[in-house]
Structures are given as structure tokens and as C-alpha cells.
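Before any comments, here is the structure.
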Amino acid sequence: MTENETSNADDVFTTNIYYGDDADASYIEDKTVAVLGYGSQGHAHALNLHDSGVDVVVGLREDSSSWPQAESDGLRVTTPDDATAEADIVMFLVPDTIQPAVFEAVEDGLEEGNTVMFAHGFNIHYNQIEPPEYVDVTMAAPKGPGHIVRRDYENGGGTPALIAVYQDYTGAAKDEALAYAQGIGGTRAGVVETTFREEVESDLFGEQAVLCGGVTSLVKHGFETLVDAGYAPEMAYFECLNELKLIVDLMYEDGIGGMWYSVSDTAEYGGLTRGDRIVDEGVRENMEEVLEEVQSGEFAREWINENQAGRPSYTQLKRHDEEHKIEEIGAPLRDLFEWEDEQSDDDAPEVPADD
Ligand SMILES: NC(=O)C1=CN([C@@H]2O[C@H](COP(=O)(O)OP(=O)(O)OC[C@H]3O[C@@H](n4cnc5c(N)ncnc54)[C@H](O)[C@@H]3O)[C@@H](O)[C@H]2O)C=CC1
Ligand SMILES: CC(=O)[C@](C)(O)C(=O)O
Ligand SMILES: [Mg+2]
Ligand SMILES: [Mg+2]
């Protein structure tokens with residue numbers, strides 16, 4: 001471990017949080033990193049590491065439509081097995097459900113002392129991938145969508161990340177994981193040390209109960225309540241979806257209190273008195289049930305079986321969501337925000353669905 005003190009000077013945190021030069025780039029600067037996959041996380045890790053001076057090779061299927069994109073982004077690209085064979089560190093950024101098959105296809109290319117890395121511990125924690133004992137197994141998991149990981153890095157910032165060590169064959173697994181996290185910009189924002197189990201269970205719970213599942217369900221219910229009561233869909237869209245970003249931006253920048261400070265007293269009183277009537281005690285019971293399904297492995301088994309069956313439920317649910325009125329009214333409304341085109345990350349590769 002580096003001689004630098006971790007950044008817990010005020011001992012507010014219960015974990016080790018690493019920042020800035022707590023990482024030692026010498027653990028990665030002479031190594032080759034194979035990034036398997038060039039999607040949301042893959043393009044961000046590959047480009048950020050490359051811009052940080054790390055030797056990166058992207059591993060993609062030969063028919064992948066991301067191949068020319070990665071090359072035009074200035075990266076070396078080859079097949080996953082060839083990338084693995086030349087690399088010291090292999091980061092698996094293909095979809096969770098196909099990682100076992102990709103691992104099996106490249107495993108022979110792993111040499112003693114190499115490192116197998118993940119940005120989410122699903123396949124290690126639920127025993128879908130069992131790496132050989134002669135490699136390190138670590139994680140560098142950004143706590144943010146890949147396109148934001150890239151955009152924050154390009155803007156001189158960083159996205160907070162987690163690191164974890166599952167297997168430390170070399171004795172340098174943690175130092176190398178921290179150097180990797182530094183290379184993707186994580187130490188600019190803060191890197192929290194955790195375990196594979198904690199990352200998997202907190203990430204699955206968070207994305208299901210709050211970030212992706214809970215919030216979108218709340219937004220759609222709010223939109224439907226207003227529209228069914230006769231309010232114009234565009235009004236409901238601006239109130240229940242578009243403004244949510246503005247409210248969350250305030251919480252992101254200055255906490256919940258910072259948001260209350262900025263909104264009106266009327267909104268603050270209404271929110272404080274009615275919020276818990278909307279998201280009431282029953283929600284806590286539902287959240288605890290969802291967490292138990294993650295902890296017991298029930299969700300993981302369900303998702304693995306769903307993929308083995310060809311994703312029938314996923315496909316139906318996705319189509320139903322895409323056909324929601326909020327999506328129909330949202331597209332033309334967002335077209336009115338012409339300034340968004342200038343802000344959007346033009347470099348972000350379109351991740352083709354068939355890729
Ligand atoms: N999307 C996100 O922001 C986050 C994702 N993660 C984790 O990162 C990992 C990657 O997820 P995403 O970036 O969302 O995936 P994605 O679906 O955006 O991209 C996956 C990429 O893998 C490639 N690919 C697909 N099949 C392949 C194959 N057979 N061989 C080689 N390459 C293949 C394609 O380039 C595709 O673009 C997952 O473990 C996920 O849980 C972790 C944190 C956030
Ligand atoms: C973006 C992120 O952190 C998620 C929601 O966990 C994911 O994409 O898996
Ligand atoms: Mg996450
Ligand atoms: Mg996730």
C-alpha cells in the first residue's frame with residue numbers, strides 16, 4: 001500500500017476512501033490493459049486509461065460495429081483472445097450475462113500473475129466465473145453511467161468508484177486496482193474500498209429500488225396521475241421528468257438541504273409534509289424484500305434464467321416501457337432543447353444494440 005495516508009483525516013467515513021495521489025501509477029504504467037467490450041463502460045475505461053498514458057488494447061468480436069469506432073478513437077483493437085494473450089490486466093466490460101462465455105473463450109490466454117478485473121462483481125459473487133488461482137481478481141467499479149465517466153474525465157473531473165480485491169495472488173492486487181481507478185479518473189472524485197459482495201448487493205439494490213427502477217416508476221406514476229386528471233402531457237412531462245434532473249442536480253451539488261434551500265418555502269413545506277405519504281412505510285418493506293432477493297441470489301438466478309430463455313419478459317417489459325406516453329411526448333419536447341446538442345458528448349460512441 002502507498003505510504004500516503006488515506007483521505008479520512010476527519011474520520012467521518014467508515015471505509016477507506018482514496019483520493020488524488022493516494023494511488024501509485026507505477027503499478028499500472030508499464031502494463032498493458034485489455035478492455036473487453038466497448039460499450040457504456042468499455043469506451044470510457046479504454047479512452048480514460050489511454051488518455052492517462054496506460055497502454056490499452058480493446059478486445060472485440062471481429063464483426064463488432066464498435067471496432068471501427070474504437071480505432072477511430074485512436075485505440076488498438078483486436079479479438080478478445082488476442083487482447084487477453086498480450087495483456088497483463090484483462091478488464092471484462094462485456095454484458096454481465098455473457099461474461100462467463102467470454103471468460104471461457106479467453107481463459108487460456110491468462111498467465112501467472114495477470115489480473116482479471118470487473119466493473120461489477122456479479123459473475124464472481126454468484127460463482128458464474130471461477131478464475132484460476134494464479135491470477136489476481138479485482139474490481140474498479142465507477143458509481144456512474146459510462147458516458148458520464150468519460151465526460152467527467154474529459155472535463156477534468158472524475159466519477160467516484162469502488163475498488164475491491166477478490167483474489168490477491170501477487171500481493172499487489174489492491175495497489176494495482178487503485179492505480180487502475182486513478183487511470184479512469186476515479187481518484188479525482190474518491191475511490192471507496194469495498195468487497196465484491198458489498199459492491200454487487202448494493203449496486204443491484206440501488207439500481208433496482210432507487211436509481212433506475214424506483215425513480216422511473218415514481219416519475220411515470222406522477223405523469224399518469226396528472227394526465228389522467230386532465231393536465232396536458234407536456235405539462236406533466238416538464239413537471240415530473242424534466243425538472244427532476246434540475247432538482248437532483250441541486251442535491252448532487254449541495255445535498256438535500258441545498259435543494260430545499262433553492263426551492264420555494266411552499267415546495268419545501270409541501271414536500272416535507274406529503275413526501276412520506278407518497279413513498280410511505282410500505283416502500284421500506286418492499287425495498288427490504290428486493291434486497292433479500294439480491295442477497296439470497298434469487299434475483300441473480302432469475303436474471304440468468306431469463307437470459308437462458310431468450311429474454312422473453314425483458315423484451316416485453318422493455319417494449320411496454322418504450323411505448324409509454326411519457327416517451328411519446330418526451331422526444332419532441334427534448335428536440336426543443338437545441339442547446340442540448342452542443343452539450344451532449346459527441347464523442348460518446350453509439351452502442352449498437354446488436355453489438
Ligand atoms: N453501464 C454502466 O454505466 C455500468 C456498467 N457496469 C458494468 O460494466 C460491465 C459492462 O456493462 P456495460 O458497459 O453497460 O455494457 P454495454 O452493453 O454498454 O456494452 C457491452 C459491450 O460489449 C461488447 N460485446 C458484446 N458481446 C461481446 C462479445 N461476445 N465479445 C466481445 N465484446 C462483446 C460490445 O462492444 C458492447 O458494446 C457490466 O459488468 C456492468 O454491470 C458497472 C457500472 C456502471
Ligand atoms: C450505471 C450504474 O451504476 C448501474 C446502474 O449500476 C448499471 O448500469 O449497472
Ligand atoms: Mg451502479
Ligand atoms: Mg449496475
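Here the Cβ of each residue, glycine as well, is placed from N, Cα and C on the backbone.
Note that the structure is a prediction, hence the values are computed from the model and not measured.
Of the listed candidates (Gly121, Gly144, Gly146, Gly156), TrEMBL assigns Gly146 to the same NADP(+) site as Tyr38, Gly39, Ser40, Gln41, Arg61, Ser64, Ser66. Asp203 (Mg(2+) 2 binding site) has His120 as its nearest neighbour among the recorded positions Gln41, His120, Gly146, going by CA to CA distance.
Close contacts with ligand 1, defined as a Cβ under 6 Å from any of its atoms, occur at Gly39, Ser66 among the binding-site residues Gly39, Ser66, Glu239, Glu243, Ser264. Annotation for Glu243 (Mg(2+) 2 binding site): no spatial neighbours, criterion Cβ-Cβ under 8 Å with sequence separation of six or more.
Neighbour counts of Cβ atoms within 10 Å were compared for the recorded positions Arg61, His120, and the top value is held by His120.
Among the listed binding-site residues, namely Gly39, Gly146, the Cβ with the most fellow Cβ atoms inside 10 Å is that of Gly146. Across the domain 'KARI C-terminal knotted' (195-340), DSSP classifies residues as 127 helix, 0 strand, 19 coil.
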